[in-house]
Amino acid sequence: MQTRLSNIKHLSRQELRQAIANLGEPAYRTRQIHQWIFSHRAATFEEMTTISLELRNKLADQFRIGFPILADCQQDGSANDPFSTVKLLLELDDNEKIETVLIPSENRMTACVSSQVGCPLQCRFCASGQTGFKRNLSADEIIDQVFSLNDFIRTKHESNEITNIVFMGMGEPLLNFENLKESIEVLSDQSYKFNLPQRKITISTVGIIPGINELGKSGLKTKLAISLHSASQETRESLIPVASEFSLTQLRKTLSEYTSQTGEPVTLVYMLLKGINDSVEDARLLVKFSRSFLCKINLIDYNSIINMKFKPVFNETKDMFIQHILDAGIHVTVRKSHGASINAACGQLAAKGTQKAENRNNL
């Protein structure tokens, strides 16, 4: 049985540089090949016409260029509605599956992408953590989610493409920092075709303090969102087990340093859960926590998940909570839920699908 060749896309830039050197080629070839893969999206080495035939043959002898398989596609609402949420289930090289979501609106096309297969953090209100953790995604597996969504957009909106990216899919992005960073650098590279400004990219974390510090020093110009969900240490630990390792006091100090360093506000994401974090006292604690650094608050509703007993709050409770924050002079928004009917909303991604797999040409 013939051994399957390695997927060249899985190599980091440093690993690709070393592979090219091992072939006896000059370093500048690395950039050329990388551009063919991630800017021109070459499917074969034969397409790389600016590279010698000899090198193309060498590459073809050692590597292949692989793509994720579209295993399922679900749309929230009518297939003819250009603004309905879409969820893609992608099958990776090792047969693991991830989900990525397109959230269209009149002014933007947002890609919600995953950073890991599953999630190790097991947040109590999130389906991704209940599936278990398999592995980190490579940089190309992150990038290919964006490209897959872009391909889908072109079947519905000929002149549109992804305008924003949020790392709010499966996994904790800051636990996969190197691959996260490389994927962002590729997607924002001004010499590549996609070329999305980093300010259009948001990284969401539950508050991994070493990762926040690393992000602050990385030179990336992305936005940062913190999945806070409670400003009570006890309540937060009951919802987010890893919060026991990173106290709210530590997190507040880290975010104060981060915003001072970057000059940019962070977004505090707060999912309202009936009877758990929705009281006047909870609102007071949230206001107190947010006064220490530059931030805005984004409230979201709970999206139902099978086998979880949480419930969304009543509108009256939500209005009271919002008013308390506004009275304190703090900017607050309420995020509209997208894709709940296809389990594509916040906290619902669990890499489940039903449709037969097909190749990328059918995206």
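Including glycine, each Cβ sits where the backbone N, Cα and C put it.
The structure displayed is predicted, hence computed values, not measured ones.
Database features (Swiss-Prot):
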| type | residues | note |
| --- | --- | --- |
| ACT_SITE | GLU99 | active site, proton acceptor |
| DOMAIN | 105-341 | domain 'Radical SAM core' |
| DISULFID | CYS112-CYS346 | disulfide bond |
| BINDING | CYS119, CYS123, CYS126 | [4Fe-4S] cluster binding site |
| BINDING | GLY171, GLU172, SER204, SER227, LEU228, HIS229, ASN303 | S-adenosyl-L-methionine binding site |
| ACT_SITE | CYS346 | active site, S-methylcysteine intermediate |
C-alpha spacing of LEU228 (S-adenosyl-L-methionine binding site) relative to CYS119 ([4Fe-4S] cluster binding site), in angstrom: 17
Secondary structure at CYS112 (disulfide bond), reduced by DSSP to three states: strand
Minimum Cα separation from CYS126 ([4Fe-4S] cluster binding site), reported as the residue among binding-site residues GLU172, SER204, SER227, LEU228, ASN303 that achieves it: ASN303
Distance, CYS123 ([4Fe-4S] cluster binding site) to SER227 (S-adenosyl-L-methionine binding site) (CA atoms, angstrom): 10
Recorded positions compared (CYS112, CYS119, CYS123, CYS126, LEU228) - the one with the fewest other Cβ atoms within 10 Å: CYS123
CYS112 (disulfide bond) and ASN303 (S-adenosyl-L-methionine binding site), Cα-Cα, nearest whole angstrom: 16
Shortest C-alpha distance to SER204 (S-adenosyl-L-methionine binding site) - which of the recorded positions GLU99, CYS112, CYS123: CYS112
Closest of GLU99, CYS112, CYS123 to LEU228 (S-adenosyl-L-methionine binding site), Cα positions, recorded positions only: CYS123
Assigned conformation of SER227 (S-adenosyl-L-methionine binding site) - DSSP reduced to three states: strand
